[in-house]
Amino acid sequence: MTENTSTRCGYVAIVGRPNVGKSTLLNHILGQKLAITSRKPQTTRHNMLGIKTEGDVQAIYVDTPGMHKANDKALNRYMNRNASAALKDVDVVIFVVDRTRWTDEDQLVLERVQYVTGPLIIAVNKTDRMEEKAELIPHLQWLQEQLPNAEVMPISAQQGHNLDALEAQIAKHLPENDHFFPEDQITDRSSRFLAAELVREKIMRQLGAELPYQITVEIEEFKQQGHVLHIHALILVERDGQKKIIIGDKGERIKRIGSEARKDMEVLFDSKVMLNLWVKVKGGWSDDERALRSLGYGDL
């Protein structure tokens, strides 16, 4: 840290149960789509940094997988471990909860964050959907009783309600530091990682409840040739039947997945994209620690 610096910089963990709006919150704060979203729980599998630099303040957000009770497969253990690890060595923790709904998985997260010694903010999401705001007060009071040292803030990650106030509160808690990243950098993740995540998002939005959790995406080629970015993506599934579902009747579903992913890639990478998708069966990959490591899932 330089002497008499007026700049602030620090890490902010975004935690909560699956499908509560953590990635939507990150995307709205950043002002662009970075983290993938869907209505299905456990869409986020990896911790990912989203970096926002505004004036003298650089907030480095850690978007985490939702903490959940299922721990039966190596992939589930990896996601839970990633989410828990994010609580360490950060400057601020944001605990995202729903405006009224409280689940066993919310309770699981609460039991972890109650040991946080630094600043803790409970972001009560989706409050824009409540016609009678007075109905929210008992829930806010109950949350405050559970975590007396936390600050409770109603927000809407989707609509952006009260996010300016949330960011201002976060900035107050960040330590005085030189900025860790260049002003124009928005993530620590590679373009190949982001491309794979966009394909996986489109699959999750198209398919049924169970199948998406047995699918992962690997980028085999990522090459800029002139004005066109060529991306070859391999979709891994665990059974032949799953491969047929992804391909769809006469290849219609995989064409739709590819078309939607390509549009988002062209916006993200600011380039024309030629996207090719293949589907391959790799039985039991989601419970094979060696396979998970080879697919970029880190330490298990």
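Heads up, the Cβ atoms here are built off N, Cα and C, so glycines get one too.
The region 'G4' annotation in Swiss-Prot falls on one of the ranges 37-40, 53-56, 125-128, 189-192, namely 125-128.
Looking at 3-6, 63-66, 239-242, the range tied to region 'G3' in Swiss-Prot is 63-66. According to Swiss-Prot, the feature region 'G1' maps to residues 16-23, out of the candidate ranges 16-23, 248-255.
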